[in-house]
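Asks: Please find one structure pasted underneath; my questions will follow.
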Amino acid sequence: MTQPIARSIPLQVVSGDTAAPAPLQTGVKQIGGDKINRSPVQFVDAPVLRKPSWIRVRIPSGNAVQNLKAKLRENRLVTVCEEASCPNIHECFSHGTATFMILGEVCTRRCSFCDVAHGRPKPPDASEPASLAATVADMGLKYVVVTSVDRDDLRDGGAQHFVDCISAIRASSPNTRIEILTPDFRGKGRMDRALEILALSPPDVFNHNIETVPDLYPNVRPGADYQWSLTLLQRFKAQHPSIATKSGIMLGLGETMEQVQATLRDLRAHDVDMITIGQYLQPTPHHHPVMRYWTPEEYKALEDYGNALGFSHVASGPMVRSSYHADRQAAGAGVAA
């Protein structure tokens, strides 16, 4: 029997601590409360909602997960699966798939939903593209997703490093399809530089997540801009009409059905081909609280709505994540593996 939907809960948002935080040390991770305490917003007195029956993750048995983790550590590589505490990590790792996170483990942003560490990043590792390409070849991957932390400290936002990774993978694994999940390249001239650089070696799928509806950006994505993200997606598509574009949105942060539908319309109006829709899960008690658990029936309704808008592929469900079954999503959108 389907459980009734949890009611929306009130959210009290207060300004962050006005006292000057301690200076960031290069390469030192600020996680959990240390990270969120640096955010311009804090969340207080939010009741904890019990997870419904459809929010469950099966933990596979066997050594595949540990073997893949060992391979990643051996090559000094990082996955967003681990750094962002993705609930699907065991399923993906047990099938030998992973979403690689380049440009370090420290992000310059402080998004309230994200479990990736904040701080002052180290310079990019020049050996990372070769290590990544060797690992992809060793694993025999036919489809790989490469993402990164935000690098507001770099003039190109890390675009050249993305291109170096794409080129290295293609040199050693020419039949592997590559999806990149990029930051927003926000900043004066940064989007222009990033798009110019990415044109040198574009991916097979370009993914940038819108994350949430525009009204929630101040609380969820401080430092980001809704229209900027839409423009990035549209400009890439205009430059590369034959390359699939993709975005993702989380539910459960306080949005309404009407707001989600409006965001889907905005994405299609900006020439986005593929969309993922999934339930937000709070990574620690310090992060943005879960305001509501959307039901499987609502996810199905959004899938139908997205298909009617003309997306080439809609992945909508409680446990859907941007990179979850990315190869199947791409195949569904006509990207050959």
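Just so it is clear, glycine is given a Cβ too, placed from its N, Cα and C backbone atoms.
Since the structure is predicted, the reported quantities are computational estimates derived from the model, not experimental observations.
Okay, these came from Swiss-Prot:
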type	residues	note
BINDING	C81, C86, C92, S323	[4Fe-4S] cluster 1 binding site
BINDING	C107, C111, C114	[4Fe-4S] cluster 2 binding site
DOMAIN	93-312	domain 'Radical SAM core'
Asks: Give me the sequence-ordered set of same-chain residues, not including C107, C111, C114, with a C-beta within 8 angstroms of the centroid of the [4Fe-4S] cluster 2 site's C-beta atoms.
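Replies: What remains near the Cβ centre is R109, R110, F113, D115, V116, H118, V149, D150.
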Asks: If you measure from the Cα of S323 ([4Fe-4S] cluster 1 binding site), which of the binding-site residues C107, C111, C114 is the nearest?
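Replies: So, of the listed binding-site residues, the one sitting closest to S323 ([4Fe-4S] cluster 1 binding site) is C114.
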Asks: Averaging the per-residue pLDDT over the domain 'Radical SAM core' (93-312), what integer do you get?
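Replies: The average pLDDT of the model in the domain 'Radical SAM core' (93-312) works out to 93.
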Asks: Who sits close to C111 ([4Fe-4S] cluster 2 binding site): which same-chain residues at least 6 apart have their Cβ under 8 Å from its Cβ?
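Replies: Expected: E211, V220, R221, P222, G223, A224.
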